[in-house]
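**Q** One structure coming up, written as structure tokens, with questions to follow.
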Amino acid sequence: MSLMVVSMACVGLFLVQRAGPHMGGQDKPFLSAWPSAVVPRGGHVTLRCHYRHRFNNFMLYKEDRIHIPIFHGRIFQESFNMSPVTTAHAGNYTCRGSHPHSPTGWSAPSNPVVIMVTGNHRKPSLLAHPGPLVKSGERVILQCWSDIMFEHFFLHKEGISKDPSRLVGQIHDGVSKANFSIGPMMLALAGTYRCYGSVTHTPYQLSAPSDPLDIVVTGPYEKPSLSAQPGPKVQAGESVTLSCSSRSSYDMYHLSREGGAHERRLPAVRKVNRTFQADFPLGPATHGGTYRCFGSFRHSPYEWSDPSDPLLVSVTGNPSSSWPSPTEPSSKSGNPRHLHILIGTSVVIILFILLLFFLLHLWCSNKKNAAVMDQEPAGNRTANSEDSDEQDPEEVTYAQLDHCVFTQRKITRPSQRPKTPPTDTILYTELPNAKPRSKVVSCP
């Protein structure tokens with residue numbers, strides 16, 4: 001009797017195991033994408049279907065049932081490589097596996113994996129508020145925004161295969177944006193982030209990635225010390241070097257400046273006094289600024305020490321109040337765009353001054369000519385005193401003689417020459433015995 005019971009139990013267990021695959025039982029496999037489910041257009045991704053018992057074969061299924069030719073009617077072994085990836089590959093995937101002892105029986109569908117293809121729109125921008133250096137236990141807001149009206153934004157951290165975080169975009173002041181809250185900050189959340197945007201009708205076709213943003217957690221290690229050589233107060237043009245040091249065996253030091261968007265890093269060097277130090281040359285001093293430094297280890301590049309005490313570097317003999325970041329060019333080099341604007345403005349001002357001078361000169365000339373032409377032709381009029389001033393140093397007096405014949409030159413001013421020849425002829429002669437500037441008039 002007992003033998004019969006045991007036999008029936010074994011048969012029942014066998015039937016349950018046989019029915020499981022056909023009925024879509026609990027033998028659910030696990031589908032993963034490597035290296036990431038976020039794939040640039042033209043890139044590659046490998047889909048793998050895992051199960052606690054090794055599958056001989058598996059099949060892929062796409063949620064939207066848009067058949068890609070390479071999928072149709074094919075059975076794959078272990079993994080499937082998509083390359084090159086196109087927008088047609090974007091979508092939601094599942095897999096089913098077959099059992100070695102049951103080639104016709106398939107497992108239940110796996111977990112879904114969403115393949116997102118990037119590079120279909122212009123990249124958005126990614127910012128950290130209040131900043132990318134976050135103290136352990138605090139929170140940071142990563143804001144993704146664009147002037148393209150994206151309906152959804154995605155935030156993805158490098159090195160992880162899980163689906164990116166997704167938020168609905170909010171439109172404000174002509175831009176679309178989403179705020180991703182990260183925290184409480186810990187080492188697992190630190191790393192390099194990028195964000196993407198998408199529109200409603202193609203939710204799995206994303207924009208190009210934003211520029212990478214490194215989020216660093218600070219505070220796990222003791223702070224280093226920061227000093228300035230030759231000192232924190234220097235004359236304008238004097239060279240300055242900032243030294244970051246500690247007795248902790250840091251592999252790397254990082255120098256940051258308040259208000260600066262970037263940091264500068266240098267490897268630590270062991271000194272004879274058993275300290276580890278890095279010297280940051282800043283070059284000739286032109287401005288002032290407040291600096292801090294951090295230490296980090298090679299095995300954990302996104303985990304930094306507490307910041308050093310702030311060091312204020314001031315420059316005497318220079319009215320400027322802030323010093324450019326070590327990674328930013330000196331202000332003396334100028335901004336090429338601003339330089340072009342300055343040159344263009346100067347040229348316009350010079351041309352305006354020249355035009356104004358020309359118009360003023362033309363106006364004065366016309367006014368002078370009009371005054372001369374308005375004078376009545378007086379027969380009993382002396383020559384203009386200005387004519388006498390333009391002659392030789394010896395003053396000469398002219399007399400107007402009517403109907404006299406002399407061998408002197410005939411003078412007719414071009415500005416007073418009438419269009420029709422006059423009937424009378426006026427001759428001028430020099431009178432050497434006349435008094436200077438006197439006027440002798442001969443009446444007819």
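Placement of Cβ uses the backbone N, Cα and C atoms for every residue, glycine included.
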**Q** Of Cys10, Cys95, which cysteine does Swiss-Prot list as the disulfide partner of Cys49?
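**A** Of the listed candidates, Swiss-Prot names Cys95 as the partner.
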**Q** Going by Swiss-Prot alone, which of Asn81, Asn179 is annotated as N-linked glycosylation site?
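**A** Swiss-Prot annotates N-linked glycosylation site at Asn179; the rest carry no such entry.
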**Q** Pick from Cys144, Cys293: which one does Swiss-Prot say forms the disulfide with Cys195?
**A** Cys144
**Q** For Cys95 (disulfide bond), which of the disulfide-bonded residues Cys144, Cys195, Cys244, Cys293 has the nearest Cα in space?
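**A** Result for Cys95 (disulfide bond): the nearest of the disulfide-bonded residues is Cys195.
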**Q** Check the Cα-Cα distances from Cys144 (disulfide bond) to the disulfide-bonded residues Cys49, Cys244, Cys293 and tell me which is shortest.
**A** Cys293
**Q** Give me the Cα-Cα distance between Cys195 (disulfide bond) and Cys244 (disulfide bond), rounded to a whole Å.
**A** 34
**Q** Could you break down the residues of the domain 'Ig-like C2-type 3' (237-300) into DSSP helix, strand and coil, giving a count for each?
**A** 0 helix, 40 strand, 24 coil
**Q** Please list, in sequence order, the residues in the chain of Cys293 (disulfide bond) that are at least six apart in sequence and whose C-beta is under 8 Å away from its C-beta.
**A** Pro224, Leu226, Leu242, Cys244, Tyr253, His254, Leu255, Ser256, Pro307, Ser308
